[in-house]
Amino acid sequence: MRQSGRKSNQLRPISLELSPLINTEGSCIIKIGNTHVMCSATCETTVPPFLRGQNQGWVTAEYGMLPGSTSQRIKREAAQGKQGGRTQEIQRLIGRSMRCVMDLKKLGERQIIIDCDVINADGGTRTASITGSYVALHLAIRSLMKKRILKVNPLISQIAAVSCGIYKGEAILDLDYLEDSDAEVDSNFVFAGNGNLIEVQGTAEQEPFSEEQFIEMLKLAKCGAAELFKLQNQVLLGT
């Protein structure tokens, strides 16, 4: 039994609040335990220079943590004049993950910007951001089609992400901050709706981990992602 009382294969309580923002095409607040992230999707009629004139769209992402999202105040990166390496890594992960489930030709010469702002951090902010970003992106595409800006749906798959790790010798699903900070292995799995993998990140914090341990984490992650897909469908089909 984990410190939180969860079983090794148990996700934290999850909720998705749809459309908290009124000025974007799509938005949601995802809550996974005490990790809360605001995700929004905004459509612009410009694309990066390398795509101009190609009648193809783009999806990119920005990620940030509010100063009060952790126990000690985080300095705003804007005030420091540059983004940290972790921020850049996470927003690139979110962006390329979203592009994997989009037919960019069907988007036309438009860019969708995903914004992920961490309101409260208790582990798994990047995976929560990806899972919530899909919901925001889905709502944005729905809005663009309703307005007849898009004629066909460019979304080709669901997407969700979840963390796994080896903690005190045991494979566990969806690590909170205390588990993550003391885990022997920390990994993140990004899945498409059919169960195929989009990205895997895995790091041994103390000593190398075995293939058997990796397979065990993969199985846990796949089951966790299936639960996330089910929740996404429930909230989106109910609107």
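Glycine is no exception: its Cβ is also placed from the backbone N, Cα and C atoms.
Counting every protein chain shown, the Cβ of Arg86 (phosphate binding site) has 11 other Cβ atoms within 10 Å. If you look up Swiss-Prot, you'll see Arg86, Gly124, Thr125, Arg126 marked as phosphate binding site, on the strength of sequence analysis.
Taking the mean position of the Cβ atoms of Arg86, Gly124, Thr125, Arg126 as the phosphate site, the remaining residues of that chain whose Cβ falls within 8 Å of it are Ile90, Val118, Ala121, Gly123, Thr127, Ala128, Ser129.
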